[in-house]
Amino acid sequence: MNIKEFLSNKKGASGIGTLIVFIAMVLVAAVAASVLINTSGFLQQKASTTGKESTEQVASGLQVTGVTGVNSTDSENITHIVAYITPKAGSSAIDLSQAKLFVTYNGVSAVLKANESAIDGTSGTPDVLSATLLSNTSATEYQVVSLQDFDGSVAKNQVINKGDLVAIRISTGQVFSSTKGIPTRAHVSGKLQPEFGAPGIIEFTTPATFTTKVVELQ
């Protein structure tokens, strides 16, 4: 083999080696790009999910539109109260069966859960202040009564959504048994806390005297 053939063969081998290195670099770049694309897609989906959850957390919640109490002729104290609850504007559906009611008076803080069955009051608004609806309330449970429930979600599953209105019955005579309910000039605070979203706030001070059986408290 003369010198010209040797140099020619060497250049050919060098060219093939360069081509192999180039192909390897292209493959590595392709794999890296694929990993970056997949990672980017995952992060984008994760960010979207997190953003949606954050929006629901901020927008969702309950609102207390009023609280009414009934004073007993026996103890002359408020033996049960009714809080009217509706979802906040823009709120997602909320499962009231998982909501906890926190109520505090006279150094006693009670935590109540929903009774397992809601009362359907949409066919004809029931007397939510009557004693007959107290059978499902106790010192540890409150009663949900649906007043507006277009899709029947409250009556079926105790799920409150847009346009719904419910009454929450609380037996304060049993919750605060030591005082046989809530007397005059008493400060009461509480909240109905759902699984997610803002709670419905209950806070009132009873009047100096109870001149009527039914008392508007909040």
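Glycine is no exception: its Cβ is also placed from the backbone N, Cα and C atoms.
Quantities reported herein were computed from a predicted structural model and do not represent experimental measurements.
As recorded in Swiss-Prot, the features of this protein are as follows:
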type: CARBOHYD; residues: N38; note: N-linked glycosylation site
type: CARBOHYD; residues: N71; note: N-linked glycosylation site
type: CARBOHYD; residues: N77; note: N-linked glycosylation site
type: CARBOHYD; residues: N115; note: N-linked glycosylation site
type: CARBOHYD; residues: N136; note: N-linked glycosylation site
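On the structure: features taken from Swiss-Prot.
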| residue | record | DSSP class |
| --- | --- | --- |
| N38 | N-linked glycosylation site | helix |
| N71 | N-linked glycosylation site | strand |
| N77 | N-linked glycosylation site | coil |
| N115 | N-linked glycosylation site | coil |
| N136 | N-linked glycosylation site | coil |
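Of the recorded residues, N38 (N-linked glycosylation site) and N115 (N-linked glycosylation site) place their C-alpha atoms 47 Å from one another. Closest to N136 (N-linked glycosylation site) in space, going by CA atoms and restricting to the glycosylation sites N71, N77, N115, is N115. Summary: among the glycosylation sites (N71, N136), the fewest other C-beta atoms within 10 A of the C-beta are counted at N136.
Fewest other C-beta atoms within 10 Å: among the glycosylation sites N38, N77, that description fits N38.
Each residue contributes its Cα atom, and for N71 (N-linked glycosylation site) and N77 (N-linked glycosylation site) these two points are 5 Å apart. A C-beta separation below 8 Å, combined with a sequence spacing of at least six in one chain, links N115 (N-linked glycosylation site) to N136, T137, E141, Y142, Q143, V144.
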